[in-house]
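**Student:** Annotated transmembrane segment per TrEMBL: 12-32, 69-95, 107-128, 159-184, 190-211, 317-337, 357-375, in sequence order. Per TrEMBL, the feature domain 'CAAX prenyl protease 1 N-terminal' maps to 36-215. What TrEMBL records for 220-445 is domain 'Peptidase M48'. Feature annotation from TrEMBL assigns Zn(2+) binding site to His307, His311, Glu388. Sequence annotations record features per position, and here TrEMBL assigns active site to Glu308. Marked as active site, proton donor by TrEMBL: Asp392.
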Amino acid sequence: MSAYFWDDPLAILYIIIAFLVLENLWGVYLMLRDIHVAYKTQQVPNVISPYLPQELYDKMRVYKIHKGWFTIVHNLFTAVILGVMELYFGFYAWLYGVAGKCALSKWMEHEACVSVIFVLLLSVYFWLKSVPAMIYESCCIKSLQPRPKPPWCSRICHFVVDLVVGAMVTTLVVVALVFMFIGLGPYAPLALYLQMVILTIIILLLIPFLIHPFVGQSVPLENSNLRTQLEYLTRQVGFPMSQVRIIRVHDPNTGSNAFFYGCCCLKRIVIFDTLLLNRGKSDLSQLTAEELGRGLADPQVVAVVAHELGHWRNGHFYKAIIAFQVHLILTILLFALMFSHGPIYQAVGFAPGLQPTVIGCLIIFGFVLIPYMTLSNFSMLSMTRCFEYQADEFAYRLGYGGELRQALLKLYADNLAFPVSDPCYSSWNHTHPTMLDRLSRLEELRR
């Protein structure tokens, strides 16, 4: 029986459709639970009421409910209804055929050229499919933080640049992928894994030099009192103060944040200036009305840095890298097991013997591996949530429990993050525990 369904394209098609429908229905169920919590919790939780006015909480609640219903309708229509129709009626095979007909000369009939045309056409289709949702979201869901819109000419230029750069990168990636699978044959998945490892290492090495300039500019810490407290903290745990960086973010609407990353001499604790009270500026005339009063007092900033030092001391960066590598190895092994299996391609409408590389990657990674990807994502989220609890406990053991509690309350209010969430929804969707969960855990440590 198992051999029959594995070799039957129709059975494989129904299984893929079932995976797609079940995953999205599970997501809808979780979203409904979260919306129900928002409907039920009409008053600001007492613990955060000194920091979050009831009027603002009501706006956040309405926004969360509206956004939740929009997400449900959008996912049911685009992912379930259209997704099932695309698979059942062989849309991807049809579009690949259209891409083949776009070949205007003999050299363009090569699989690499046809694959590039297919991916570009598919990108246009996905964009068109998302346009109604983008229009509704921008016009009908009122943002909690309205931002000034740049001039139309600037927006058009930005769109064109993104389009050209995206097309160039897509072309390079697809061509490299096709030639790699053609040249290496059965060893291509191994090469794909090695490429991902090399790319991960390059990204980790280049983060300080490429990411930081896009986020903001590294600036010295003006507050001498805060610097003294941070120097004491870092000296206490053995972390070099020179690796604590303040970033003056380009976008003042960027959320208040601090994070740790890296290893050895490349380790960093990055503090956005939006985390500091009044962005760390002594001249308040430079601030807008929205920026006044935002950010944390010095002891609270130190507590947040103590939390980040907890990530460093507990080796969370290394553990996350190892977990990601295990996930990557399992993903590539499953992909290698299925990539050459012809009935998978026939299930989505291809003739026997026609197995384009780009289609194999799209169908296997995008649909066949849905159960594994869903469970793997849940495991990774559970791990990161556990890391947050451990980092909070580290800060508490250093004596910053009270300041960290105040920092959490102020940050949630400043960042307009809705403080209440369904536990089941949060465990499947959030990298961090909810603020109320973290406060409860800190309270337990006091007992």
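Even glycines carry a Cβ here, placed using N, Cα and C.
Describe each of these features in terms of where it is and what it packs against.
**Tutor:** Packing against the transmembrane segment (190-211) from elsewhere in the chain are residues 180, 184, 261-263, 266, 268, 321, 324-325, 328-329, 332, 335-336: each is 6 or more residues past its ends and has a CB under 8 Å from a CB in it.
The Cβ of His311 (Zn(2+) binding site) has Phe260, Phe317, Phe387, Ala391 as same-chain neighbours under 8 Å, each 6 or more residues away in sequence.
Annotation for Glu308 (active site): spatial neighbours Ala258, Phe259, Phe260, Ile269, Ala391, criterion Cβ-Cβ under 8 Å with sequence separation of six or more.
Under 8 Å from some Cβ of the transmembrane segment (317-337) lie the Cβ atoms of residues 186, 189-190, 192-193, 196-197, 200, 260-263, 267, 311, 361, 364-365, 369, 372-373, 376, 380, 383-384, 387, all in the same chain and six or more residues away from its ends.
Around Asp392 (active site, proton donor), the C-beta neighbours below 8 angstroms that are at least 6 residues distant in the chain are His307, Gly310, Leu404, Arg438, Arg441, Leu442.
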**Student:** For the transmembrane segment (107-128) and the transmembrane segment (12-32), does the number of C-beta pairs under 8 Å, pairs 6 or more apart in sequence, reach 3 or more?
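**Tutor:** Contact between the transmembrane segment (107-128) and the transmembrane segment (12-32): absent.
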**Student:** For the transmembrane segment (69-95), I need the partner stretch with the highest count of C-beta pairs below 8 angstroms, choosing only from 12-32, 159-184, 357-375.
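**Tutor:** Answer, by Cβ pair count: 12-32.
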**Student:** Just checking, which of His307, Glu388 (binding-site residues) has the fewest C-beta atoms within 10 Å of its C-beta?
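**Tutor:** Comparing Cβ neighbours within 10 Å for the binding-site residues His307, Glu388, Glu388 has the fewest.
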**Student:** If you take the centroid of the Cβ atoms of His307, His311, Glu388, the listed Zn(2+) site, which other residues of that chain have their Cβ within 8 Å of it?
**Tutor:** Phe260, Glu308, Gly310, His316, Phe387, Gln390, Ala391, Asp392, Phe394, Ala395
